[in-house]
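Reading through the structure tokens given below for one structure.
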Amino acid sequence: MSESVHTNTSLWSKGMKAVIVAQFLSAFGDNALLFATLALLKAQFYPEWSQPILQMVFVGAYILFAPFVGQVADSFAKGRVMMFANGLKLLGAASICFGINPFLGYTLVGVGAAAYSPAKYGILGELTTGSKLVKANGLMEASTIAAILLGSVAGGVLADWHVLVALAACALAYGGAVVANIYIPKLAAARPGQSWNLISMTRSFLNACTSLWRNGETRFSLVGTSLFWGAGVTLRFLLVLWVPVALGITDNATPTYLNAMVAIGIVVGAGAAAKLVTLETVSRCMPAGILIGVVVLIFSLQHELLPAYALLMLIGVLGGFFVVPLNALLQERGKKSVGAGNAIAVQNLGENSAMLLMLGIYSLAVMVGIPVVPIGIGFGALFALAITALWIWQRRH
């Protein structure tokens, strides 16, 4: 392990490769674990409305620890923070394997994910700079989406075979991520020596929130990414209930195949964004965001598998093109104002608050008996209107 604080800014440096591998394995575990645990809930006869609650306890950890994880990422070598966070994920997955309440185990994975996220994105600005940052984000998103693709499918397919095997595979993936983190160069902490008083940390985090919100560009990025990821997570759970109703298929694997189509599309869209969008032309991504909602609405009305695959892949392409430039904009502007770790922590608060709100509304809609197809139609229409409003606001300001 290198102790050097100097970095090779190449996109394919040793450190960047280690980050990408660690991110792939960690995200693979996250996505496989979601579908494996959903299969466990079905096997143990939990009610349908409890499924989004599983994700809500996960994102609740992000929100609870949001004031602190950004400072953790900036106060220590980010590679070591990533290793510790993946260790927590490993512990959470293993606890579910050994029969601990799945909601408690998944909460522990959420704590690890909360600590991991500011470090994984913040380290990109330390390993590469300038014009390569958007491309580095493209690599990170491509790695993440490839992991979503393979992890989601693996979780569903293995769960159809045996739930315990699926859960064990998740723990193994997290263990591999811990090992990959060892090979990330130990870089100097970005902002060492900060106070660890919880009150002052909370106050500092709120100051970072205020600073980013007052800046028009970072506020635009925060709202856009929050809407996107809140909608993306809700779509995942919508698919779990939509498949048996619209397609008449009741296995665990088919919703994961459909999620995989979104993942493939996001890889394509992220690559296109890296080539076609710069920090100076971020507004080019906005039409894609509006079209996401329109295509979700059309998708909800389908009753055949092949059109569903095609439309979900299109949703992914539009999503990748939409979110990658917004992520890069926030990292670049945030690094200069509040530090990359704090910027990503604020972003996580926004995104996970949106997820919590959207999942809560979705769970409530399912609980009161609204059919899943009308839920999907309303969901797509509201998302398109929200992104349209954001674009109008951005152009005026």
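Glycine is treated like the rest: Cβ placed from N, Cα and C.
Considering the side of the membrane named for each residue in Swiss-Prot, Gly15 and Gln394 do not coincide. Sequence-distant contacts of the topological domain 'Cytoplasmic' (39-52), counting only residues of its own chain at least 6 positions beyond either end whose CB sits under 8 Å from a CB of the stretch, comprise 96, 102, 155-156, 159-160, 163, 166-167, 234, 237, 240-241, 252, 359-360, 362-363, 366-367.
If you look at the topological domain 'Cytoplasmic' (188-226), the same-chain residues 6 or more away from its ends with a CB under 8 A from one of its CBs are 5, 66-68, 70-71, 73-78, 122, 126, 282, 289, 322-323, 326-327, 329-330, 333-334, 337-343, 345-347, 349-351, 353-354, 387, 390, 393-394, 397. Most Cβ pairs under 8 A with the transmembrane segment (367-387) among the ranges 91-111, 145-165, 257-277, 281-301 are made by 281-301. With pairs at least 6 apart in sequence, the transmembrane segment (18-38) and the transmembrane segment (145-165) have 3 or more Cβ pairs within the 8 Å limit; the two touch. Between the transmembrane segment (18-38) and the transmembrane segment (167-187) there are at least 3 Cβ pairs closer than 8 Å, counting only pairs 6 or more residues apart in sequence, which means the two stretches are in contact.
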